[in-house]
Amino acid sequence: MPDSDTLAFADRPTTSVGLVTPHVARFDTPLALACGKVLPAYELIYETYGTLNAERSNAVLICHALSGHHHAAGYHSEDDRKPGWWDAHIGPGKAIDTNRFFVVSLNNLGGCHGSTGPVSHNPETGRQWGPEFPMVTVSDWVASQARLADQLGIERWAAAVGGSLGGMQVMQWTMTYPERVANAVVIAATPRLSAQNIAFNEVARQAIRSDPEFFDGWYAEHDTVPKRGLKLARMVGHITYLSEDAMGSKFGRDLRSDDLNFGFDVEFQVESYLRYQGDTFSTAFDANTYLLMTKALDYFDPSATQGGDLAKALAPAQCPFLIVSFTTDWRFPPSRSRELVDALTRAGKAVSYANIDSPHGHDAFLLSNPRYDAILSAFMSRAARELNLAETGGDEAGKDKASLEETP
Amino acid sequence: MMRADLELIYDWVPEGAHVLDLACGDGELLETLAKNKGVTGYGLEIDHDGINACVARGVSVIEHNLDDGLSSFCDNSYDQVIMTQALQALRRPDKMLDEMLRVAEEGIITFPNFAYWRHRIHLGLRGYMPVSKSLPHAWYDTPNIHLSTFNDFEHLCREKGLMIVDRAVGVGDHQGHWKSRLWPNLFGEIAIFRVRRR
């Protein structure tokens, strides 16, 4: 990971949004979900960076990926050792420039970072939702995000931006609410998962569901978590996020000690790394949420209702698109982004596409890279210019933000 | 001020046309066409700076290697396909010509004319591979692997049964100079063709 992603608060550069505080929005209008169930009420946790202008025309929506959340940029406390997950691209002077844009980043429904999800209390049963939390899809997320936009008084996003599963939400926005998105950025995504993608997700799900501590999803009531399952799920997932080259250059065949032990304990550095990643994740993420998120990935296929014709599915879209892929991404490889690009050109939509050289595989979308930063900046600057967005900030703008925060 | 060959092409693209611009560079032509003539379409480019410049000016550009063909574009899906100064750098220029006229009825192609008199002097009198404004590279690092002449291209079009709607040459910054109209193969530095399938 580059330095900008790992700098502690004390060492933050001037391009950091600094300290941020999450907000919670409550929704009491029932939300009908794609699965047929209805969520009577729910909460979404979100953060904002920058200042909403008087016309409310400079808002940018950030959609998160599988294990992401609302904390995309800045720090929660001065003791934080790392900034938000997309700090490389959000901040003053960065590609998503908070001097110009008002950035909104939320945790999706079904998440485990503060939005209503399996770890929330179900008022109807008086217990945790757990495995009874309804399946949520990309369309459901977009519908809930639209309600958040309504509550914030944002009629149209200056841009919707997302990587991986986040990119799918951006695609969905342009189809469901075409008039509410002025620009769309879809990074390292795919218009639908391949059989191989679904297969990897199924291995992850089986790892979780076969853990004896899973208790059919009621692990919380047994005061436990399916740590082993979640760890395995993360380990297999993590392999798909990195490229073979990246793994090779990072770990090679390096051993932790000088000699082979002829045993099954950790010997190779890559084993140690994967176990560490899995362990960290298994205590920080909810297993039911992980199951839901992987299903949302599997189900996403906007072409399905159009007889497999993606161009037809994208027909309602009105905004210019930027599609970005990374050369060594084998989870959602460049060819999948190109499918999306070809569908968009067939549909006659404004679209630009860049395939960025990066050794970092799928994870490249999270990192900084000169060409990636440049193309994102070029697209966002052009968007700002076309929307006549001036630089915000200063005292008066600060007041706007304060009044927004008081909005119930 | 656009490059001389682009000025000429600008006039050849009809109002409101849907075009593909192969090797669109920094997107200047497409931007001008979109602004003044309501032209829509896409540029294909492989150069990173060119792609970035297109995105910055709001021109739709797709990173694409022309040697991979145009299979991702459907038959007759565009009014015109334009290709400026790229023919000579392709692995199979003849196949690209077929592809261009599969995707659109009409194609506009520009390339450096190898039979330009200065090039002839370089090769014929001095005995060296020509280096000029239109062919600025040394023989060993040039991307221009399929050099041809005004006459060669006409010959290829005839072989393929294509109709040459228009042809012109550019000489430095003065396109259509009288000498070049008379003897385009000798006095034209840049060859510009508008071709159509019959």
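A Cβ is built for glycine as well, from the same backbone N, Cα and C atoms used for every other residue.
Predicted automatically and left uncurated, TrEMBL annotations should be read as such.
Copied over from TrEMBL, here are the features:
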- A:S164: active site, nucleophile (ACT_SITE)
- A:D329: active site (ACT_SITE)
- A:H362: active site (ACT_SITE)
- A:R234, A:D363: substrate binding site (BINDING)
- A:58-366: domain 'AB hydrolase-1' (DOMAIN)
- A:R331: site 'Important for acyl-CoA specificity' (SITE)
Sparsest-packed of the listed recorded positions (A:D329, A:D363) - C-beta count within 10 angstroms: A:D363
Those recorded positions, out of A:R234, A:D329, A:H362, that come within 10 angstroms of the residue listed as 'active site, nucleophile' at the Cα: A:H362
Rounded Cα-Cα span from A:R234 (substrate binding site) to A:D329 (active site), Å: 18
Mean of the pLDDT scores, which run from 0 to 100, over the domain 'AB hydrolase-1' (A:58-366): 97
Neighbourhood of A:R331 (site 'Important for acyl-CoA specificity'), C-beta criterion under 8 angstroms, separation at least six: A:S164, A:A188, A:N197, A:T240, A:Y241, A:G361, A:H362
Cβ-Cβ neighbours of A:R234 (substrate binding site) (radius 10 Å): 25
Cβ atoms near A:H362 (active site) (within 10 Å, other residues, all chains): 26
